Amino acid sequence: MQRTNTGEYYLSQTGEEKVRAFIPAPLPPVPPVEMEPKLVNALADTMLALGRLNSLRIAPDYGLFLYQYVRKEAVLSSKIEGTQSTLADLLAHEDSDIPGVPLDDVVEVSNYMAAMEYGRKRVMEDGFPISSRLMREIHKVLLASGRGSDKNPGEFKRSQNWLGGTRPGNAHFVPTPPHETARCIGELEKFIHDDQTGLHTLLKAGLVHVQFETIHPFLDGNGRIGRMLVPLMLMQEGILDEPTLYLSLFLKEYRSEYYAHLQAVRETGNWESWLLFFLDGVRLVALDAVHAADSLQEIYQKDRQRLVESGKNSKVVMQVHECMMIRQAANPKRISEQTGLSMPSVMRGLRTLMEMAIVEETTGRQRNTRYKYTETCALLATEIGNFSQESS
């Protein structure tokens, strides 16, 4: 659907250059979102997928899955913003064993996890509403250290930002000017809590994501905050119990289509096309997470069974195996601290797991060694979604 009143341009100043900054019209769209059959069916299919995702919480190893999957999302979401850190780098950082990559990259990923957990606790435990204040609180955690810590963490922009291009004058898009940012976010907050829109929460989350990205209220970290808002809204409305829905895998794979949809909304008001794309992404990442959880469970059960059948399932070996299941990668000292086993016992357990090709040493050193759970780390490290299988 073509809409004429999608927003307006304002002549803003950035340094010595004048630019046309975009101020979006408040939500909901006018005229309202057209609930055509294709959109209704997509919404129903997506809610079924979210139901399957939420049902993972009753699985015996759900805590392990959540611990590991949030780290995968932190890495992918940060990679969209340009970091080079890998899942292995993050796990090493958590063991205080800094790898040979820029420390800022790993800190940025670690901060993402802290910000997501902060948002989850505020919404689910404190009952705090998703609001301008919460966005700024999460942003403060996200940019607490490392790159971006000099970009006014927890504060809306006071200077004009821009997206793409080499300078403001040739930017691909110039977001809302600073003096309009607080007002636009305030209007967005009202929409989030408006129960009279008649829109399903999932559709509202899709609209909110685009509006937030269009306003781009912070100097840095907007993409990560914008992606966090989706699971936070679904948790606030009881659709999800935990932040297990992560769009980064889908958006990284379909990045050009994503940006094209954002721009189409701004230029023509084609919210319906965006919502179909958004729902497809939510459905696919939900099913991909279910697939990953099932695969992890199968690997753990298979390896436990192999240890039992080989007669190598001593108490020490099983404790070390359980620790590696939880951490995915660790050094012997960390395993000893977590299990209470002596270092010689830990090394005996690791040697057994290496003989069974369950774990492998990753440094090639004789001292200061590190080990990873071979099959599960490979599964979690993939940056390509299981989308082709899930969409059929």
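Keep in mind that glycine also has a Cβ here, set from the backbone N, Cα and C atoms.
Some features that TrEMBL has for this protein:
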- His216: active site (ACT_SITE)
- Glu81, His216, Asp220, Gly221, Asn222, Gly223, Arg224, Ile225, Gly226, Arg227, Tyr258, Tyr259: ATP binding site (BINDING)
- 149-158: compositional bias 'Basic and acidic residues' (COMPBIAS)
- 130-280: domain 'Fido' (DOMAIN)
- 149-174: region 'Disordered' (REGION)
- Glu81: site 'Important for autoinhibition of adenylyltransferase activity' (SITE)
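Distance from the CA of the residue listed as 'active site' to the CA of Asn222 (ATP binding site) is 6 Å. Taking the Cα of the residue listed as 'active site' as the reference point, the closest of the binding-site residues Arg224, Gly226, Tyr258 is Gly226.
Taking Cβ-Cβ distances under 8 Å and a sequence gap of 6 or more within the same chain, the neighbours of Tyr258 (ATP binding site) are Leu251, Phe277. DSSP assigns Gly226 (ATP binding site) to a helical segment in the three-state reduction. Residue counts for the compositional bias 'Basic and acidic residues' (149-158) under DSSP, split into helix (H, G, I), strand (E, B) and coil, are 0 helix, 0 strand, 10 coil. In this view, Gly226 (ATP binding site) is surrounded by 22 other Cβ atoms within 10 Å of its Cβ, with every protein chain counted.
For the domain 'Fido' (130-280), the mean pLDDT of the prediction comes to 94. In three-state terms derived from DSSP, the residue listed as 'active site' belongs to neither a helical nor a strand segment and is classed as coil. Following the DSSP three-state reduction, the secondary structure of Tyr258 (ATP binding site) is helix. Taking all protein chains in view, 20 other C-beta atoms sit within 10 angstroms of the C-beta of Asp220 (ATP binding site).
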